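Annotation comment: TrEMBL describes 14-283 as domain 'G-protein coupled receptors family 1 profile'. Feature annotation from TrEMBL assigns transmembrane segment to 6-28, 40-62, 74-92, 112-129, 159-180, 223-245, 257-278.
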Amino acid sequence: MFIEWFILITCILSAFISISFVIFVIFASSIHSISIALTCHSSITVIIANIVLFLTTIFMLKINFENNNLWCQIDAYCFQVSLILIYHSYYLQAFHRFSSVVYHHNVYFRTYHIFLVILILQWIFAWFYPFRLLKFGLFTYNPIINTCHLDWNLSHELFLLLSIEYFIPLIIDAVLYTSLIKHSHLHIAQITHHSVTQHRNQIIISQEQRRIKREFKMLKRILIFYLALVIMDFPSVILTIIAAIDSHDSISLQYSYKIILVLISCILLMISICQFILTPSVKTLIHDYIKRRTNQVFG
């Protein structure tokens, strides 16, 4: 009972913070940009995940799904959709960060169109892929925790789902950010070389260096989100491996699914808080607002 109430409280807090972030950004027109729009999109996926997780926990507490298996499976389906949306939303941010540095002279990558197309495709895919699992009834009811999940015996389907939901987005993130770091180091070396050999305009050089440093600072912030995403679904990977090796023992783990839900709820709350703290333009705007209010009070 305590575990369920803990999940409910963290979901409410996380959803409230993420909704506040989105509303704040909508009304703060001075910070509107592609980067902020993609951050808001990630916040919306976090809100969806919190709503689904909240309903799942309520069902675990209050509703007996044993005689209503369809709604139980739909709940499990929506939960997987929400996780796919979160993980894929962050590699879209990675792609934007990569293109804004490597192809910063290309006007096409500074427009909303390409990101809007990718975003729409992500949402279609996120709802379409798990539907196959729902259609074939692969989400099974577990009377111990009173909810549905993908059967631990279906190790092939579990690994495939984790690949789509977890491994592939994280690998794309890692490849893009590694390429970005390599490109930035190479670009800094080229700037230094040209400044010495060709006596380039120092203003242009300093502007380029500031831009690169700004991107490196952003990478440090993104690393926190990346580590959070790695941790969030990691227990599912471990339990899937256990199930594949020794299915009898893995199935008898009564609280394995609850452990996964607790960790996911905590990571979602952490991500929601970090969106406010680690988004530079939002952080600056909040700091300026607090400073103005303080000056009004004491002035």
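Cβ atoms here come from the backbone N, Cα and C positions, even for glycine.
What TrEMBL says about a protein is an automatic prediction, not a curated fact.
Long-range contacts of the transmembrane segment (74-92) within the same chain: residues 38, 41-42, 45-46, 48-49, 52-53, 55-56, 59, 65, 115, 118-119, 122-123, 125-127, 129-131, 133-134, 139, 147-150, 161, 164-166, 169-170, 172-173, 176, 225-226, 229, 233, 264, each at least 6 residues beyond the stretch ends and with a Cβ under 8 Å from a Cβ of the stretch.
Beyond its flanks by at least six residues, the transmembrane segment (40-62) meets 1, 4, 7-8, 11-12, 14-15, 18-19, 21-22, 25-26, 72, 75, 78-79, 81-83, 85-86, 89-90, 92-93, 119, 145-147, 261, 264-265, 268, 271-272, 275 of its own chain at Cβ-Cβ distances under 8 Å. The predicted model assigns the domain 'G-protein coupled receptors family 1 profile' (14-283) a mean pLDDT of 82.
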